[in-house]
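The next block holds one structure in the form of structure tokens; read it before the comments.
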């Protein structure tokens, strides 16, 4: 297998190599052709008798086994920590079926069998222990298919990476699609539905409602009643992926999630949307190139995308782009992804530093002891963490589950009483909750939701009322749904609503009032005794401080809360130390002193947390970026490439290509560029942009904060602490030891406040001390010897009854002075505005941005960085190919045969050939390879029939457009400008920004409120006009149906007369004509003439705007 790096090219460790660095770790029995990726149905297993091999998979389509290996090299000290509070312990949940195992990074390889997504064996759950890795147990398959099959001519992939509009339509192969083929036939519908709902939750999607991106594309095409059907299909596709992320979900499998041929286009769109946006087929999984007939022509260079930065975001983006290139494969183009990394290694703020002082005897063979210099904690695998599929599902890395901190030691070395700790923690939480009352109120626009009962029971809706999602949602917002339906059309049991599950993100409004929870009552509930003289009317009032400034900080308000509680409670210096220990933990989560955090937005990602036990990867977190780099094939990563300037095309029109300049003089020309460097790099203006970044981008860069969190790593000869505890804490005192002034504690509270016990992950007696808040900045300028002496002294103070020697090996991180990051991770600073993270993520022309500071839902985390890489990859592909196309028609009417040519969800083409009257030409394309001459002749005969019909009768009567049936839409046209001005004024008053403007959704909500509050006289003209429009629509459509029936009657006469004069047996196809003599008629290969027969009026399943009707075949599938 070819690798991205050629002979002499620097590898991810900064050294040149002649062959793949991982080749040395592959079994010697494998020849060169077998290395890297295995052929279908092959797997490599560790040594052992044949009886230990996993059983062979039964049934199911062929699978692609992946041979997983990895390699870790050394690099400079740098790092980043996931922002998280103290982790929780729990039970290990095993990964999906058929998991390949990557047990080592350097010396050991073990493969695993990978089988079909069709297996229905439940997920494996491991025992409850602290060290777990994913099992490799391929269960037997019961993938039975009972639905009849059909072969359709369809493009093997939705489109081509080629920008040539003709490329997508130049080939076709026979593909087998069967409804229900991916739905287990023996599983109860409710059980299957439960698995689908769980899969949606595990993919960060609402199983009962459309994602906003889905709604934007579908709202004008999808009937609101069919949202339920779409969600059932989409959730079913997610189920295939989450149950076996070792294999990519194929389009055939995705189409098999539809329960009827009528829903095939819904399945095609759902599959394309999920693939494009990285909800399925992401990570270290092979995306097979779709088979296609050979092409004639000279190969040409495809788009070049340069990714700057080889951290989790950059590698995740590049890996997803490679997968999308395979998904949209074109034999005549060769798109490329080039990753530029300034360091000698990959991983970015993930860096597992090798420990040299001792050799571990407890780690698995081949694993090397490594300490985490940066990111360290996985904050839960459940409820949507994409690292679940990669770490546990694809790489099968061993991991250690963390338990809650159990002991905190005071300044005299004695453990703090647990009851005392609990009461102080509750007081801290109360102050934090009261500060949370001032958070920014997010405006969350709900999306269309399906029928929960039907989704939970695995059933679809078959009816249709002709109302699109947009029409229904606008009527719902305005409260005019009842006016859309005549009374006789409202059926019991058929309904639709807007998503009402608890939205993610910050709450819409505060549900708690301070007056409802008076301070004295809260104190008594927490177990505190009030001071003498405290009245029951005494409470905490944070308003004077909180509202003193529009950019108030969280620290100022919390400090005020502590001061007020000091007046009510008998707090002691020990209580102050405990309260500030929890504040130090909050500063660790945000990489900043709480005095710099925005009061209204510091927890703007609230509600998006993942669930499950926190954990650490055994053998080093850096196995993740190395897996992304190397599997299934190596990415083209160029190390030691320090970028100095980016000349980009800010218009995004493709007129100018981007040039990336490096400090060594080398330049890279690209069509698209994805910048994944840290926010610290942007703040320090380390890279020159030409043209300069716009003000809205630099404003967000300057307003957001980029903090520092440092570590002190200590390696000892023998452990002197309780090795069964994953962590312990230290209370710190202010310079004035018994001070009761809250501000005095800020300087020292984060200094060695928490120690991680890393024996389970390194195999050595290793402690990692955290430096948070102000202490992290102190570590940047304090000599190593002073820090080591202080931390050793603190340990000797705690463990007085044990011998605490000097450490054998020490490492101190200083992220603030690291020239490649300039800090650790982002936080919401006091000057930040709502939406700054979104502005950070917004592209500028062909310049895209990724990284944890661009992921507003999961900032300061590895998974947030990875998700941002998936987003940037999707944006870059959309710039090249266009958005995911909605098939047309999306859902045919009952009794209509699905036009198989619409099953492809190709991007929008730049140009459509058309007639003078607006009738769209159907592609007639060359005969694809594999089609018999007789079939080709029959196609030509059918085209000739259509040509004769259109020459004599012309095109069918155009489908009439509907006039507005929603009075609110008419009202909206008259009042939009007035409402917009009012909303703009309100936005400016709220943000203190004279140039602020209200979002479109805010204006629509305000308009809906205006309509609901309007009196009957104000609404009357709009309602009356709606009734007139309804009657007019009925008359026009009745006349059109009559004209269509007459046109079809005449077309049958023309067909019979022409066929009688030109029987197929003796008919000869005319010779091809040049472009100046092309027949200007709609051609319909592979179709028969439309017939009204026993079906509803033909052509009504097609929706066009002012274009001629394109009849669809009337024959049914067998």
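In case you wondered, yes, glycine gets a Cβ from its N, Cα and C as well.
Of the listed segments 836-869, 870-903, 904-937, TrEMBL assigns region 'Disordered' to 904-937. Matching 70-110, 111-151 against TrEMBL, the residues noted as region 'Disordered' span 111-151. TrEMBL assigns the feature region 'Disordered' to residues 43-64, out of the candidate ranges 43-64, 153-174. Helix, strand and coil residue tallies for the domain 'HMG box' (961-1041), in that order: 65 helix, 0 strand, 16 coil [DSSP].
The DSSP breakdown of the domain 'SWIRM' (196-291), given as helix, strand and coil counts, is 54 helix, 2 strand, 40 coil. Taking the DNA-binding region (961-1041) as a whole, pLDDT averages 83 in the prediction.
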